[in-house]
Each structure stands twice: as C-alpha cells, then as structure tokens.
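Contents: one structure, followed by commentary.
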Amino acid sequence: MPPSQALLHAAVFALTVLQVLASDTFIAAVYEHAVILPDATDEPVSPGDALALMNKNMDVLEEAIKEAAKQGAHIIVTPEDGIYGWRFTREAIYPYLEDIPDPAVNWIPCTDPTRFAPAPVQERLSCMARNNSIYVVANIGDKKLCNSSDPSCPSDGRYQYNTDVVFDPEGKLVARYHKYNLFRRETQFNYPKEPEAVTFETPFGKFGIFTCFDILFREPAVVLVSELQVDTVLFPTAWMNVLPFLTAVEFHSAWAMGMGVNLLSANTHNISLAMTGDGLFTPEGPAVYHYDSGTEEGCLLLAELSARPRLSATYPPAVNWSSFATSIKKFPGEKDTFLGAVRRDIFTFSELRHKAGNYTVCQGDLCCHLIYRMANKSKDEVYVLGAFDGLHGSLIKYHWQVIGFVGLSVGSICLHPNHPKTLVFLHCKNFSYNQIQLLIVESLAVLCLSVLSDGRLKSKHGTSKPLVTATLFGRLYEKDLPHPLRTSP
C-alpha cells in the first residue's frame, strides 16, 4: 500500500475511534446468510474448488459488510458455517481449513498475507474489515498439526476446530475462539482441551464471543458474562428452531435479557432445516430481529445499542425470582396429569380444560402455577401446561428445567392457529433462576411480558395479542454430566 493510502486509512480509523469514544452507543449489524452449500461428498475436493465455493459465500458476505459500513455500523457478525456450510466428514472438510494463529502475533493478513501459511480466507476477511473500517466477525475452520507423542492427537495427525475470528477496522486479527460444545453432528471437528473464554476490548465496550450450542452451557457462556463482565456477546450460530422451546429469536432474546448483556446473534438461513431467526438483543428486549421461514433470502439487520448496558439508566432492576413462589406453603398439583414426550424428554402435562382458571403442574420438586384466560377455544383444541426436570441431550447430556404452555389441535402435534389470546400470570417454585430464560413464542414473534419484583411474569398485551406457546427454560449447571472431551470422531 502506498504511504499516502496508509496515512489516509490511519486517519479514517482514528476518526472512527474518536467518534465512538464520544458516544455511549454504537451501531451493530448481523447478517442472516443463505449459505451456498458444496455438493455432498465424503471425499475431499481440491483446495482450489474449496476456495472457489468459499469465495462465492464471501462475495455475498462482502456486499452485506459494505452495506452495513455504509449505514454506519461499527461491527458486523456473520453466521456459523456461513463460508462453507455443514455436514462434512472429517476428511471432506480439510481443504476448507486454514491455520489460524493466536491473535497475540499482531497480524494484519490483508497487508501481510505471506507471513504465515497460505490463508486466503483470512486475508480476504481482513481486507473486508480494513477496506470498510469495521469490525468483522466470521466463522471458519482452524487446523493444527499435533505430535504423535500427544496421547490425544487424532490418528490423522491434526486437530480441526470450529472457529470464530474477529478482525478490527484495521484488518488485524484480534480474537480467535474454538467452539467447545460441539453439536452432535459436528464429528468433523475436535473439542479444544479446555474451554476458552475469549474477550477483547473495543472503543465501545468489552466483547466476548462463542458459537451456537455453547450458549446452553456455563462454560464459556455464563463465565464470560458473570465472571469476565463483558458488555456484548458475539454469537455466530446455525440454529434450527424447535417449538415450543429453543426457537432462535425467543431464546436468544431471553438469554440477553436474563444475562443482562447485548447479544449479536447472526444465524444461517436454510428453511428446509428450519434455520432462521437472528437479531440484535439487549437486556431490555430485542432492538431488532428477523424470522423468515418462507423465502431463501438473506437479511441484514442494524441497530444502535448501549455500549455498556450495565451502566445504562434503563438497565433492568434486579428481580427476586422466587419470593412469590416461596411465600406459598404448597402448590397444589393437579391430580389428573399425563406423561408426554417432547423430543425424547418425558414431560408431565396437565390439560387446561376451561377458558379461564388456575393450574399447577409438577415434576419432582419443580412446580409451576399458571393463572390464565383464553378466548375462541373450539372443541378440537387442546391446551396443556407441562413440566420437565432432568437430563437432556444425546452426546452431551445437560440438566434443564422446562415449563411449557402449549396449544395443540386434537390428533396433531402441530401448533393450532386458533390459539388462546393471553397469558396472565406464570410463576414457579424450585425453579432454577440462576440463568432464567423467558422463551415466549407469539406467532413466531417476541411477546412482551412484565417481570414483577417478586418473580411473576405478567402479559403486557391483555387479550389483544394471540399466544401460541409460552416456555420458561432454566439450567442447573451443577447437575450436568462431565463434558465428553474427545479429540477424534
């Protein structure tokens, strides 16, 4: 780069930093990307073919990055698997991987691409950040050679990691995160030996980063927030929506509200796999979100967020989640209950037989009480209140507590379109509120609830808004089984 261009870039970068420092807010962007997928194969393609596929995806991402920068964004997050897709074998993904160095090396791939092994993807991402004076967050694959003397070294002599990278507005690599909690299908990747708590400072707050399935676990997700006190979490994800819980928009918004931080959630978009739903979420609720199960289009979202939400005058006050529940001597559980499976988890259900009433459902020591009323209930509709308290998962088992209110059509597992109109009060006894998740689906949108000081949840909408399902999701991390660390599929 000629000296004059370098000076100009430095001046632009310095001006950007000064502008951000002068404000208590920043503009964030996420891009939901309809990934261009490779042909399905168990055999590795050539490095050239792999790079050609990745460049097609990066062409799309670059346009989104340019547009975000044009609209004033200081940072943009792109999705997990957003550059090459998913469903690889361990061997087939290898041509798509690069050796990603520790950010401590102080490297700008855009201006020094030959300093390490060839890294055309990192070089291009670095240039996208540098040329647009914006932080760029992307998900790629990292490969690391290992020695056969290492007892955990895979038989092919290398570790392969699902990896997030962050480049600053100068194009410098400032963060690298290896995903610790791999989803059951990610057999192409290794777990890092220890969970990584990755943070970095920006002119607009302290940032942390993790990937998709990590959000369900104490390490690294809760550690970043509660121990390292980050202001904003960067969250590349490939999230498959699962009703009545684990839906992207509702879960991610609830996590940001429950943990008291900004969450920049960027999802992949593939409607055949129910992958959609992303947004910019704050402790006060979603700033902006997107859910589209009808088209194959990507979507760019931007919003202005508080740089340090804990210092904001509107930061939500502390709530004593259990004070009301513990003031009740005993929740009278419903006698006429039945068991039902939701994705292999056995729930205890109680049917809501009337248009209004008080119902309690318990499983073990977990009890939840619902005060409700509904409108337009027809004869072919069934509404239930259910509870689950136990281990969930296949490869990784973790302890969760779920309270769900679900409307069904008789003879069907599908949610019925003619659903109740309001949820009034919901409160639980012995519920784990150390990480409360308020998961509310309202026609696949976020329902506004008032959280009362004693822990009750009250609908803000009255009878004006329909409700498909409402779910409370809690985690008991201390009851999780040990993480199944492994270094080979």
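For all residues, glycine too, the Cβ spot is worked out from N, Cα and C.
Marked as active site, proton acceptor by TrEMBL: Glu80.
Non-local neighbourhood of Lys179 (active site, proton donor): Tyr161, Asn162, Thr163, Asp164, Glu186, Phe189, Phe210, Thr211, Cys212, Phe213, Asp214, each in the same chain, at least six residues away, with C-beta under 8 Å from its C-beta. As annotated by TrEMBL, active site, proton donor applies to Lys179.
Taken from TrEMBL, the feature active site, nucleophile applies to Cys212.
Look at TrEMBL and you will find 31-307 tagged as domain 'CN hydrolase'.
Under the heading signal peptide, TrEMBL lists 1-22.
A sphere of 10 angstroms centred on the C-beta of Glu80 (active site, proton acceptor) encloses 27 other C-beta atoms.
Around Cys212 (active site, nucleophile), taking its Cβ as the centre, 26 other Cβ atoms fall within 10 Å, counting all chains.
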